[in-house]
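As given in TrEMBL:
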ACT_SITE  C2  active site, nucleophile
DOMAIN    2-219  domain 'Glutamine amidotransferase type-2'
DOMAIN    287-427  domain 'SIS'
DOMAIN    460-601  domain 'SIS'
ACT_SITE  K606  active site, for Fru-6P isomerization activity
Amino acid sequence: MCGIVGAVAERNISAILLEGLKRLEYRGYDSAGIAVLDAAGQLQRLRRSGKVAELESAQRTAELTGRLGIAHTRWATHGAPCERNAHPHFSGDDLAVVHNGIIENHEALRAQLKALGYSFASDTDTEVIVHLLKHKLGEFGDLTVALKSAVKELHGAYGLAVISAKQPDRLLAARSGSPLVIGLGLGENFLASDQLALRQVTDRFMYLEEGDIAEIRRDSVQIWDVDGQPVQRESVQYHEGAEAADKGEYRHFMLKEIHEQPKVVQRTLEGRLGDSQVLVQAFGPQAAELFAKVRNVQIVACGTSYHAGMVARYWLEELAGIPCQVEVASEFRYRKVVVQPDTLFVTISQSGETADTLAALRNAKQLGYLASLAICNVGISSLVRESDLCLLTQAGPEIGVASTKAFTTQLVGLMLLTLALGQVRGTLAAATEADLVAELRRLPTRLGEALAMDATVEKIAEHFAEKHHTLFLGRGAQYPVAMEGALKLKEISYIHAEAYPAGELKHGPLALVDADMPVVTVAPNNELLEKLKSNLQEVRARGGELIVFADGAAEMENGEGTYVVNMPHIHDALAPILYTLPLQLLSYYVAVLRGTDVDQPRNLAKSVTVE
Ligand code: AGP
């Protein structure tokens, strides 16, 4: 999704803006641009379609320098991904705006502004903002006052950064539905849509809240809230090492993040396990009281996070005896929902800024749920701020667009939730909880053992390099794991992949199976194993090639067209977490063989902050 960086300083800020854009590249984008106020007091702009590297090389030639500037990476929504539509957008030659989000009433505003004589150079919704602001500037004379008035006419979502050649002492920002953070320096200040963009220059941040407008000068920051009242926002020190945004020894962020899983799972468990019980207060001080009342769970999420919710449904019903429904947020938010009494509303999100998930939460608040709980990786996100309870996963920044460590830490969080609900409601035997707590403690080691199979999986990936279609099969809680495996493969290798519960094969998809359709299966040693083995025979009988990740005790053997990878033994309840890892590695190595852009796959964005 789009990214914003801005700076007001005593030094040249071009390199800071470009470095900030590079740090936001992981979010996905298709063009980039920068505008700075030069020494002669003129606004200079450079825009390029494609990568930030192209903008950077153009900037080296143009030698764009200045002490006030804004920059942007654009993920096309209105208008094609081309230079003309890239931000910053100008009104005249003295006013520049960059924008994240979508202005829903852009057509009406465009018509009004055209009638006032403004002409449009792009197809974007953003350009209406800059002309509207110019119009207001004519009326009020002061940029801050003009911005306060202009945003009142915008419907939709926006994170805005604004600079003007006429008032070169300030960088302005406005937030509504699209996050913005101010980076605080010494005699210089910065702005970005994600603090990650600014960690090169500061570790002190101030997060804007919904409806805030900020006037950022070199040595001061003034903020007005949604009612136009001056407010102070707390400044916070960020502690995560800046190196988190580096690939280190790894070729891609995705591979680094896959290998970080033992460590981040360990971190997600830290402080949340007692000797033989989950510490319920890990979900917040009111959790014990609220959990005692829960009779149903409704989970809502998108993409990978939705798959985590699908796994949790098996856990919640089987271990804690709680009825659970799971739905993708984009459907839930527009559906007429019948709410069962005493239902806990759970959202799952890596970013905490996914537009559909946030909208679903906001709708749910009107529907009479018992309480809302966010399982999220970003503590300062809108989702966490707007939920009653939260459990933060400790995955650290995830840069690869394809979610890996965020998924496994979400699963850990959801297992903790299952055990906490079962414990408080008395539906889970103390011995079972103690057993699972001990297994959770061993999980990081098991994950390390699974990752040691990296080279084996790399070899297996060769079977896929030339293929166009793949099936993923699983039964029980491994079915969502198969769904996640299929999503990973299609996201980064562009191979068409579908997941099925293995028992469904004979009801249709078996017709697709032939020698060109590899079938990937996850087969822990559980009560469904024998049934799964029969399903696999159905595939082999049609000449389909099988890749099976199986428990050693499952006694499955390599044979003609069958490749078995023996997995470390694990408690069946935790198998979905462990069996995810080889599927992530498989997608990764297939993508590398096919030469795709692993960390920033085409058409995708890391944080989907628009509908
Ligand atoms: C996963 O690999 C995806 N990139 C995507 O499906 C993602 O999980 C989804 O957009 C939800 O994001 P969130 O977890 O930040 O809400």
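Cβ from N, Cα, C; glycine included.
Because the structure is a prediction, the values reported are computed rather than measured.
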Could you round the CA separation between the residue listed as 'active site, nucleophile' and the residue listed as 'active site, for Fru-6P isomerization activity' to a whole angstrom and send it over?
10
Cβ neighbours of C2 (active site, nucleophile) where a neighbour is any other Cβ within 10 Å:
28
Per DSSP, what is the helix/strand/coil residue tally across the domain 'SIS' (287-427)?
63 helix, 28 strand, 50 coil
DSSP secondary structure for the residue listed as 'active site, nucleophile', reduced to helix/strand/coil, please.
coil
Relative to the Cβ position of K606 (active site, for Fru-6P isomerization activity), how many further Cβ atoms are located within 10 Å?
26
